[in-house]
Amino acid sequence: MKLLSMKLTNFKGIRQADFDFPDGGNYNIYGANATGKSTTFDALTWLLFDKDSLDTKDFTIKTLVDGEPLHHAEHSVEAAFLMESGQRITLKKVYKEKWQRPRGKLEPEFVGHTTDYYLNELASSASEYKKYISGIIDEKKFKVLTNPLYFNENLKDADRRAVLMDIIGGVDQDVIIAQNLAELKDLKPLLNGRSVEDFKQIVKQSLSKTKKEVDSIEPAIKEHQAMMIPGADAANMGLYQEQIKRCDGTQSYLLAEIAKIKAGTVSTELEEKKNELKQKIWQAKDADAKQNAELRETLLKKTEEAKRAVIDIESDIYGWNNIIKDAEDKIAFCANRREELVTQFSKIQSTTFDMKPVQTVCPTCGQELQEDKVEAAKKAQEKEQAEFNYKKAEDLKRINEQGKSNNEKKAEAEKQLSMATVMRTELAQKLDVARKNEEACKTNYSNFVPVVSPDIERLEKELAELESQANKPDEAAEKHIAELEEKKNENAVKRQEAQAKLNDIEQNRKHQARIRELQEKEAELSDTYGKLKRQEYMCDQYSRTLTDCIDRAITNKFRMAKFVMFKDNITNDGAKECCEVVVNGVPYHDLNNASKMNIGLDIINTLCKHYGVTVPVFIDNAESVTDLIKTDLQIIRLVVSAEDKTLRVEKA
């Protein structure tokens, strides 16, 4: 598509100007500042798409005189083009005021504007005109192809990436994996139909949860280690058991000896009662020692269970926080989407059909037109109106359906957010209760008071009464009995000490068993963490391979331009998508104007080949660019020239 000529009448300050490019070649338009060079570009974009070259729809078309719009005048742009097929076409648009004389008044009043459209010198409707233009070239493609700066300065990173990915035909996940099979052979079975990016997010969440569990194990191990009793070595268990056995034998012997000595002075029945009471007292104390050991174990178990409950609830809250974040992001997106749809709906709803009066009188001879011709013109206009109304209704219906779908998505996200918030609140309350319970369990364990059976005091009191009933033995026997009693007490103390040591060893064995459980769990979690890190590494390797493949594919499409498609995240979280042009390592924003223009032309050359279409390329401020790269495109340079007070066209 090459521009052959363009005619402006009363357009943005240019009263009348004809620009001829007869061979469709490269031309320069010279003019001093404010003479209308950029207006020629605006005229072309308005002719095609109702916008100026800066993509502004509501701009001043009418020529101003002393600050006021020029009334009762036509503002028009007409251009001729040579298409790739060799066909020559002409397009024309006329923008003019609409005046009507109200009933009862002599003077007409201004009521708005109308636009007339012409295709190859034949009057056309707006819908036919726009459909014809869209059949020639898409508006978005035209903007990119006609302005060397548009691609790099007007498109967002995501839009630039989309264009480049379209050029190279996108990327196939399986192909990328095959490019680095040595590193990625184990990745594909793990994906299970998901994208690598989605899988990486799952791995990241699993890594976070696993690390939290691993981090909680070491404090639990230290807590059990702190509870272990120093010196209670299981290697000495047999020694203490043997010591208790010896003490029990010695105790029986001493009791028998004392009984023999007292046999002469104390009745056998009384002595049996005393021995029976002493045996009961010993058994009660032994039962107390065992019960206290069991109570301490129960308190320890409750403390561990309370701690695990806190960890489980914290892990659940973490998961619900992620769900809440996702739901909030969806709600925000749907809210923004709704605003866009409302704007589109209002814009379309406000459009009306431009009903023009049907001529009934021949403008040449003044005679009444034949009725069938008038009727045919009316039916044609009615058909136009019906088509307009049908398209408008369809567009409104489509936007309305999109709005309903968007509202449903937003409602679903809000429902999810509400449910997740309730769950998180409930869990927070449970966490508070669980933490208090954990503290209470720790306090109970620390403040444990050994149980003392009330039977011991009663039995000792009974024994004292029996002792008082006994006759005093002779002095020698009393001395011997005292010696035996002292040995018996010493033996009892030794047995209690040995039993206490055994109890301590048993406690330590239980702590050690729990520590082993925790260590086994830690090893299992560490193994899981290692596997997850391997999966994360494969995802990163995939991203790097993807980056290399995309860079190579895109680089081969351009002569000068190189593109940075990915950047390493400062959080060391893989690569972040971007789309920045560099030339010999220099970023686009640091290039001079000439380099920016040439890079833009290089990109346009590639895009024209890809789209299979060419358009005239306008280069504003062209005086700052002395050398342009080679191109087969039609170049129209807008050059500042102080001596040219009116616009001048010259072949380049």
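Using the three backbone atoms N, Cα and C, a Cβ is placed for every residue, glycine included.
Caution: TrEMBL annotation is automatic and unverified by curators.
As the structure is a computational prediction, the values presented were derived from the model and not from experiment.
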* Structure fact -> Matching 267-288, 487-508 to TrEMBL annotations, region 'Disordered' lands on 487-508
* Asked: Mind checking how the region 'Disordered' (487-508) divides into helix, strand and coil residues in DSSP?
  -> 22 helix, 0 strand, 0 coil
* To do: Summarise the model's confidence over the domain 'YhaN AAA' (1-60) as a mean pLDDT value.
  => 93
